[in-house]
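Have a look at the structure below, then the notes.
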Amino acid sequence: MSETPNTNEQNNPNNQQDGTGQNPMPPMPTGKPQMPERPERHNQADGAPKRPGDDDRKSERPTWLSEFSDKEEDFASRLNTRPPQRASIITIIIIFLVAFFIGSQMMNMVHGEETDDLTTSEFVQAVEQGRVENVVYNAGEYTVTGKYYPAATAGSTIAESYNSAIESVDVKLGTILEPSNPSSVGIETTSLEEKTLGTERNYTATYVGQDSLMELLSAHPEVEYQVTLPSNVTEILISVLPMLLFAGLLIYFFSQMSKANNSQMSFGKAKAKKTTEERPDVRFSDVAGEDEAVEELQEIKDFLVNPGKYQKLGAKIPRGCLLVGPPGTGKTLLARAVAGEANVPFFSISGSEFVEMFVGVGASRVRNLFEQAKEAAPSIIFIDEIDAVGRQRGTGLGGGHDEREQTLNQLLVEMDGFEKNDAVVLIAATNRVDVLDPALLRPGRFDRQIVVDGPDVKGRVKILEVHAKNKPIGEDVDLERIAKLTSGMTGADLMNLMNEAALLTARRNKDKIGMDEVNESMERLMAGPERKTRVLNEKTRRTIAYHESGHALVGHMLENADPVHKITIVPRGMALGYTMSIPDEDKFLVSRSAMLDELAVFMGGRVAEEIFCGDITTGASNDLERATKTARKMVVSYGMSEALGQQTFGQPNHEVFLGRDYGNTQDYSPETAQRIDEEVARLMKEAHDTAYEILSARQEQMHTMAKVLLERETVDGEECQALLNNTWDEFLAKKQAEAAAKAADQAEQPQVEAEPVAQVATPAAPVAPAVPEAPQPPAAPQQ
């Protein structure tokens, strides 16, 4: 796995290395040292001059540096062409207010300790005591600010504070002065100035009345005085900004409430996607293997495009068309093809989108969907997985007034109710037609039920051709052979098969998809991925070899069993080994003898363990489970028991909200149940005896098959048929003869070419080692 390159290391010139892995040192200049010039980038497309030597320098740059420069330029171009992002006005206002609040708080934190809030009386007292230096009066805010000297302590006189300050300073200076009159205010000193009452601080106070302030300050001319007039802009902002902010918040909250109301009201609107101009690129020609379904849908499309062609004959367009079939057969693909081919509006929606947690939403969405379709008529509505909303009504588990029933009732009315609706066609798809309501399936609503079943051999060939159209396919790939080997696969399985083959081809670094990749992908889909890391001991490998050989040999000897194509003991998925048996043709009916032979094949692995390993293991658990299920169906469902006669036992329950297949109701007596169990046991015993008889009579062949499997792990094709037909020795002799003939041809080839060129003539010694190696059989590819 490649790692993402570290751009920090690539941008650092000190990390660049040369081919030896060392940091390249530039040659030392002999003259005056100069700073290395940084190469400038010129855009040749803009007409910038191209300096000589640019191509040489560009070619000398390391490859990784060039790739990084290209990526950097591409990122810069995409960054410059990115559309600008618009910020809402409300977001900008909120960010501005938050920044203003944070800034004011930080200013208060910085200057808050140096500013004192004084009362009016404290301010007047400070002015009268001569502790105020200046006064700035704001006429608009009725505040005074400035600088002053605070008093020492509450209740102390100025003289005491002054003398204590002098004494503290003299103590620090090492001299103590004894004042002659401590209570006097004027203390003479030669070392200190007069204003040492404390640290100068800022103050602010509220003072109403400019005239009284003038009278106070006129008595103290030493105080500086200044008056500031209020600004009109400031007053307007102070008075209007709160109202604007409040109005903005109201608008924001109302817009949010409006959005919430709109979202609540939109619950009842349908979420269908309208396809008009940008139609899917799928056409009817892309749908292979379903010719009958395509023909039916083409007729509906033609009726909408050319209604007069049918109306003159008195024909009415089908109101609804129901696509029925197992998963993966192409029901949704057919609907997409209709959307791609039709020249009318196409509405597509899923059945689960009608169901919500609110009561009445489903019915409202059905009404809204058909209203949109009627406005765009003629039009087509496609509902995928309609069983999510169209299940049968009844008591069940949800009651008579279940929300799903209301939605279904509205759908029934819209399709064929009191109002006529001739211009809207409903196409629906489901794989559970058995749980749909009968009123939904009646003529007038879903007039047609188109069965979209699995493709046959011809259909699989066409599907493979469609999926191989845009892929490089090798000459050895035979699509018809692949179609025969993929019996029972749907269109989705075949698409996945070809896609897995393409992925495997890319993993192996090949240019074309070969048959080996297709076979490997087929086994991957059928049995799971190969478990290469699982290590098995020799005893386990031997048990698996005999187990799979038993399955293969019993299946080969029975007439009605499917042909064996491959045997392997390589673990895949949850299996330690498997035998691939694929029918030569599609089977639509299975006979009783074929089912009995299938039971014997299931028991072949367990019987082989009993005969050749001396003990049984858990490896046959899945075989026994499938065999028991088949035997019980023969007795209970298919009436293939001679002892119980031609009848079935057990009826499925009718819990429609559980899918109708939750369980079976036992409608027979305990004695009959005992007879059923005895009959199932008898069928299993007969299958065991059949497999035991076949394997015990062919023990030498079983030993040979197990030995070859232990050596090669996988046998298929001619090797598999040689083992099953007990002609392994003849097969080896044939391969040895072919290898010897090939070696002889290779030995003669150099002698013929050596005659015209004398100097190239060499003895035939180089090909001599091929002669003793020729008898060795070619080894099969290990998996």
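Glycine is no exception: its Cβ is also placed from the backbone N, Cα and C atoms.
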Which one of Asp453, Asp456, Asp476, Asp623 goes with His547, His551 at the Zn(2+) site, as Swiss-Prot has it?
Asp623
Which of these ranges is annotated region 'Disordered' in Swiss-Prot: 94-139, 324-369, 738-783?
738-783
By CA distance, which of the recorded positions (His547, Glu548, His551, Asp623) lies nearest to Thr332 (ATP binding site)?
Asp623
When neighbour density is defined as the number of other C-beta atoms within 10 angstroms of a residue's C-beta, which of the binding-site residues Gly325, Pro326, Gly330 has the lowest density?
Pro326
Given the recorded positions Glu548, His551, Asp623, which one's Cα is the least distant from that of Gly330 (ATP binding site)?
Asp623
An 8 Å radius from the center of the His547, His551, Asp623 Cβ atoms defines the neighbourhood of the Zn(2+) site; name the other residues of that chain inside it, in order.
Glu548, Gly550, Thr579, Phe602, Gly604, Gly605, Arg606, Ala608, Gly619, Ala620
What residue among the binding-site residues Pro327, Gly328 has the most other CB atoms lying within 10 A of its CB?
Gly328
Integer Cα-Cα distance in angstrom, His547 (Zn(2+) binding site) to Thr329 (ATP binding site):
35
Show, in sequence order, which residues other than Gly325, Pro326, Pro327, Gly328, Thr329, Gly330, Lys331, Thr332 on the same chain lie with their Cβ within 8 Å of the centre of the Cβ atoms of the ATP site.
Ala429, Asn431, Val452, Thr490, Gly491, Ala492
Largest tally of Cβ atoms lying within 10 Å of a Cβ, found at which of the binding-site residues Thr329, Thr332:
Thr329
Which of the recorded positions Glu548, His551, Asp623 has its Cα nearest to the Cα of Gly325 (ATP binding site)?
Asp623
